[in-house]
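**Student:** Pasting the feature list from TrEMBL:
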- 4-266: domain 'Pyruvate carboxyltransferase' (DOMAIN)
- D13, H201, H203, N237: Mn(2+) binding site (BINDING)
- 390-514: region 'Regulatory domain' (REGION)
Amino acid sequence: MRKIYIFDTTLRDGEQSPGVNLNTREKVEIAHQLERLGVDRIEAGFPAASPGDLAAVNAVARAVKNASVIGLSRSREQDIDAVREALKGAQDPCLHLFLATSPIHRQYKLRMEKEQVKDTARSAIRYARKYFDKVEFSLEDAGRTELEFIAEMTKMAIEEGAYVVNLPDTVGYLSPYEYGNIFKYVKENVPGVEKVQLSAHCHDDLGMATANALAAILNGADQIEGTINGIGERAGNTALEEVALALETRQDFYQAKTSFTLSEIARTSRLVSKLTGMVVPGNKAIVGANAFAHESGIHQDGMLKEKSTYEIMTPETIGFKESKLVMGKHSGRHAFREHLIELGFELDEEAINTAFAKFKILADKKKEITEDDLFALLEERMTDAPEFFQLDSLFVSFDSESAPVAKVRLTTADGEVRLEESSGNGAVDSIYNAIDKASQEDVTLADYSIKAVTQGKDALGEVHVALTQEGITAQGRGVSTDILEASARAYVDSLNRLVEKRKTYGRRDNISMI
Ligand SMILES: CC(=O)SCCNC(=O)CCNC(=O)[C@H](O)C(C)(C)COP(=O)(O)OP(=O)(O)OC[C@H]1O[C@@H](n2cnc3c(N)ncnc32)[C@H](O)[C@@H]1OP(=O)(O)O
Ligand SMILES: CC(C)C(=O)C(=O)O
Ligand SMILES: [Mg+2]
């Protein structure tokens with residue numbers, strides 16, 4: 001199986017992400033984790049950029065024992081000297097030189113003709129080779145460079161003793177077909193190309209960074225440059241975890257592998273996200289929170305029957321705990337039943353159907369149904385009182401100028417529909433006054449409490465109410481994403497229990513039933 005070398009530039013190109021600034025301690029911490037992950041090469045920074053970065057690269061160089069440590073440099077002696085200083089103490093130092101080669105960069109940025117570009121690069125590599133056994137040379141913006149000039153520059157770099165020639169798609173412009181073709185062209189047209197490793201460095205401006213890296217591998221690239229979580233300049237770089245998992249999952253197709261310890265990927269991703277402050281989007285391939293989560297009923301059913309129906313790799317492979325079946329409005333009965341069993345509920349088919357109907361109503365209101373939501377839902381169901389009164393609908397209006405007004409519609413056990421309206425001191429008070437009118441029960445509110453049972457803006461609120469009537473006390477409970485609805489449900493629940501107690505025990509003191 002062909003080995004693909006992994007050049008991690010999280011600490012250099014990754015740090016070029018707007019807003020990211022890693023200090024020495026953070027760079028060293030990430031570098032140690034990259035060693036554990038098994039990257040071959042770590043680009044630690046751009047020493048000429050600042051004294052702080054030079055010191056950080058030096059700290060990484062001294063700390064890392066199991067990977068080559070690299071410093072980036074323009075094709076200028078003063079930058080090369082800064083890398084020399086920074087890589088003192090490195091076990092396996094490497095200098096990374098670059099110079100842009102595309103017509104746009106030559107004309108507008110460097111203001112150089114082709115020959116000047118070639119001579120500048122040649123002198124820089126020659127100078128660098130006096131101090132470094134390993135020099136990588138990058139043709140910045142190779143993606144927009146004439147193929148013949150790429151070949152000419154690559155030949156020159158080989159002659160001057162570079163050990164890696166990198167052909168970056170600096171601005172993420174190319175399609176996989178075009179990028180792969182550059183490698184094919186160089187392999188077929190540059191004499192001595194077998195003496196160097198060819199490297200791919202891609203950016204994600206058109207969302208092609210990983211696809212382009214893989215196309216390069218298929219056309220002979222030996223090394224892939226990229227970052228953890230795909231962070232980097234503008235839209236970012238190739239996400240290394242994506243390349244590693246693509247090669248692992250599709251070994252049959254690529255016939256190549258990296259030396260990654262795949263189970264370290266999740267930990268590395270979390271650390272980089274924490275220290276750079278760059279949040280990993282939920283739908284990010286491999287390391288996003290949803291990468292192994294399934295919400296829709298048909299997928300969940302497939303997952304329960306056989307995981308390979310909807311997962312091409314396992315979360316355990318990259319160090320995540322397990323796949324998640326997320327309960328939401330697209331979930332189906334199979335996954336719902338499975339969740340209830342996991343939570344310890346034993347319900348017959350009819351009870352599951354009733355609970356499932358309630359779950360769907362709740363799921364329409366909430367983004368995700370958590371275990372706590374399911375508990376709240378099921379506990380409410382299990383302690384349901386007989387319905388002497390059923391709350392059909394609730395309408396509350398209020399503004400800062402006038403008292404709130406509530407309208408409620410109750411149906412009695414005999415099927416009589418009662419619609420009443422009332423105002424009150426607050427929204428809850430007006431609801432309770434309207435329910436009193438509709439139920440025609442004379443009760444006193446003895447206790448009211450409210451708490452959030454789950455988390456977030458759409459958390460379930462749970463309301464507890466105690467009502468008394470001529471010596472009888474009954475408590476009720478209501479759960480909803482809306483606290484006014486939870487308050488109304490708790491009141492009606494309490495009312496139902498009170499009527500039941502009155503019917504069972506007659507009017508007595510302090511019989512409490514929850
Ligand atoms: C594609 C990439 O990711 S390349 C790496 C990009 N990363 C960075 O730029 C981060 C670190 N950079 C820095 O801190 C600063 O840009 C420094 C310290 C390197 C240079 O700063 P300054 O001397 O103030 O120059 P400034 O950044 O404004 O301009 C860049 C100069 O380098 C030149 N230059 C650009 N690339 C190269 C190169 N590979 N080799 C030689 N010269 C180059 C430009 O033409 C320009 O030269 P000019 O001043 O003669 O016009
Ligand atoms: C310095 C080079 C390799 C680079 O980051 C790019 O071309 O994108
Ligand atoms: Mg780059």
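Glycine residues also receive a Cβ, built from the backbone N, Cα and C atoms like all the rest.
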**Student:** Between 0 and 100, where does the mean pLDDT of the region 'Regulatory domain' (390-514) sit?
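**Tutor:** Value for the region 'Regulatory domain' (390-514), mean pLDDT as a whole number: 87.
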**Student:** Determine which residues of this chain, when D13, H201, H203, N237 are set aside, have a Cβ within 8 Å of the centroid of the Mn(2+) site's Cβ atoms, and list them as they appear in the sequence.
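**Tutor:** Same chain, not in D13, H201, H203, N237, Cβ within 8 Å: T9, P168, T170, C202, A209, E225, G226, T227, G232, E233, G236, T238.
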**Student:** Pull the DSSP breakdown for the region 'Regulatory domain' (390-514) and write it out as helix, strand, coil residue counts.
**Tutor:** 36 helix, 53 strand, 36 coil
**Student:** Say we define neighbours as other CB atoms within 10 Å of the CB. Which of the binding-site residues H201, H203 has the fewest?
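**Tutor:** Relative to the other binding-site residues in H201, H203, H203 has the fewest Cβ atoms within 10 Å.
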**Student:** Near ligand 2, which of the binding-site residues D13, H201, N237 have CB less than 6 Å from any of its atoms?
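**Tutor:** Those binding-site residues that pass the cut-off, since their Cβ is under 6 Å from ligand 2, are D13, H201.
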**Student:** In sequence order, which same-chain residues at least six apart have a C-beta under 8 angstroms from D13 (Mn(2+) binding site)?
**Tutor:** E43, H201, E225, T227, G232, E233, N237
